[in-house]
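**Q** Have a look at the structure that comes next, please.
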Amino acid sequence: RAKEIKTKLGTLLQKPDSAIDFIIPYPEKPEKPPKAQKPSPEEALQWRDSLEKLLQNPYGLASFRSFLRSEFSEENVEFWVACEDYKKTKSPVKMAEKAKKIYEEFIQTEAPKEVNIDHFTKAVTMKNLVEPSPSSFDMAQKRIFALMEKDSLPRFVRSEFYQELIK
């Protein structure tokens with residue numbers, strides 16, 4: 001038993017091949033999406049009243065995500081995007097893999113990017129994951145969408161970056 005522990009510790013304590021392993025990307029400022037896709041001020045104005053339109057627009061999604069990252073609160077939009085990707089999955093094997101990944105990253109208690117959902121929603125989602133289907137995360141995704149609509153969208157609309165878009 002002691003030898004087993006020593007072996008595991010030895011593996012963990014090995015030096016990385018290079019210092020690159022220690023570099024953690026940290027954006028200084030919110031990243032601005034590519035200029036080519038910039039929406040018209042009229043189009044961007046529609047985002048104030050429709051989170052759905054904002055999330056459907058690649059520039060809008062990138063802007064919103066960047067804004068939330070600057071506030072250290074991007075887990076909700078990342079969860080929403082992961083759910084959208086999950087729903088497009090056809091293969092049952094891939095669906096099960098993605099469901100497990102989404103659960104471990106966003107749903108389970110103490111998950112690295114745990115989203116704020118109530119106990120009931122979490123329980124229903126866990127029950128749905130016994131047999132993953134395209135609708136397994138629907139309830140949780142709707143809750144997070146409502147949270148972003150009520151909380152994150154108004155903050156984004158007041159942000160300098162958004163104000164620049166509508167000029």
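A Cβ is built for glycine as well, from the same backbone N, Cα and C atoms used for every other residue.
Quick caveat, the model's predicted, so the values are computed rather than measured.
Below are the features I grabbed from TrEMBL:
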type   : residues : note
DOMAIN : 50-166   : domain 'RGS'
REGION : 24-43    : region 'Disordered'
**Q** DSSP-wise, what's the residue breakdown of the domain 'RGS' (50-166) into helix, strand and coil?
**A** 85 helix, 0 strand, 32 coil
**Q** What mean pLDDT does the predicted model reach across the domain 'RGS' (50-166)?
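**A** Value for the domain 'RGS' (50-166), mean pLDDT as a whole number: 94.
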